Amino acid sequence: MSAHQQTAASPFIRACRNEPVQHTPVWFMRQAGRSLPEYLKLREGVPMLESCMRPELITEITLQPVRRHGVDAAVYFSDIVVPLKAIGLDVEIKPGVGPVVADPIRNRQDLARLRDLDPSDVGYVTEAVGLLTAELGSTPLIGFAGAPFTLASYLVEGGPSRNHERTKALMYGDPELWRDLLDRLADITTAFLKVQIEAGASAVQVFDSWVGALSPADYRRYVMPASAKVFDAVAGYGVPRIHFGVGTGELLGLMSEAGADVMGVDWRVPLDEAARRVGPGKALQGNLDPAVLFAPTAAVEAKTREVLDAAAAAGTGHIFNLGHGVLPTTDPDALSRLVDFVHSSTEAV
Ligand SMILES: Cc1c2[nH]c(c1CCC(=O)O)Cc1[nH]c(c(CCC(=O)O)c1C)Cc1[nH]c(c(CCC(=O)O)c1C)Cc1[nH]c(c(C)c1CCC(=O)O)C2
């Protein structure tokens, strides 16, 4: 049986397809490699991007939160900049900072450095996904990649940015170069997703984490064609495609239109309202504020109940998640309790 067939009846895949489930499935963005002491121990002395190239390490880190919290899906341990590193760009992840690009992409000549990603550039991904799906059995593995806009922001800025000023300067100042840059990135992202799906990932998530910096009109004009290209290119596999960004309440309809099967929602928009913006037929993922996990258990449960009630009112398939990634200092036990609470609160009778 293929990995895709093995996971087809899981609550996560069923919820992605708007099918009835025995309990609401749960996973957490950034569940792999964050607060877990067993993760920090494994990573000692290994730079982040190097750890993303070692299949045994990837496998172990990906499995840790599944074992500890009993989440309904694993998320492949990697980073959105791994494919950029794999095509030869000088990028590293600085602890506590994020991705840093030594030589930013700012003109037409720079674009030539963005060559296509060949599956052989990331043989370690194929190997790790194979090891993982063998271990995971009926638990789905989620593959992921960065969306063209979010990758472009790191490449143009040279690192993390609050206002994305250089990115926007390029986008508005040289729309043709911008379009070509996003188109190149769409192909790289597509190739990276295909490697994961072909090796056995049961679903994929495309992170456009920072696209909430744009207005709907600019999103439609400058970003949507490249994101749609990615979603179209992997549609034929039939695996659920999840799309997520932070602060994207005003963009939910357009991001959904770009081609997702499941829309990820941050904590600023209740899920029943999100369902209205996203339109019919799509499942929703989210959306407990990750900072809520620092409150006492009773408060976490009350806020979680609000999310579950809004999801029920939305009437769509629902994958419970946080509204953004697990914060680094989150108590792992609070995450385990949350998984149990969502499962017991939603068990079908
Ligand atoms: C924007 C973005 C990045 N990376 C990612 C995104 C999109 C998700 C989001 O919006 O949070 C995605 C990502 N990065 C990582 C994963 C692994 C799987 C998971 O647990 O979700 C995933 C899905 C590992 C990581 N990626 C990173 C770490 C920490 C690196 C370390 O331990 O030194 C891990 C485990 C580093 C990273 N990588 C990135 C940042 C901003 C940072 C630094 C700040 C931070 O820690 O959040 C870029």
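The first residue you see is number 1, and the count goes up from there.
Cβ coordinates come from backbone N, Cα and C, glycine included.
Annotations in TrEMBL come from automatic prediction, not curation.
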Practice item. Write down the one residue from SER120, SER202, SER209, SER215 that TrEMBL lists together with ARG30, GLN31, ALA32, GLY33, ARG34, ASP79, TYR154, HIS324 as binding substrate. Key: SER209
Practice item. Compute all pairwise C-alpha distances among ARG30, GLN31, ALA32, GLY33, ARG34, ASP79, TYR154, SER209, HIS324, the residues listed as binding substrate, and give the largest one in whole angstrom. Key: 22
Point to revise | Entry from the binding-site residues list ARG34, HIS324 having the most other CB atoms no farther than 10 A | key: HIS324
Practice item. Write out the long-range same-chain contacts of ARG30 (substrate binding site), meaning residues 6 or more apart in sequence whose Cβ is under 8 Å from its Cβ. Key: GLY325, VAL326
Check your understanding: Around ASP79 (site 'Transition state stabilizer'), how many other CB atoms lie within 10 A of its CB?
Key -> 19
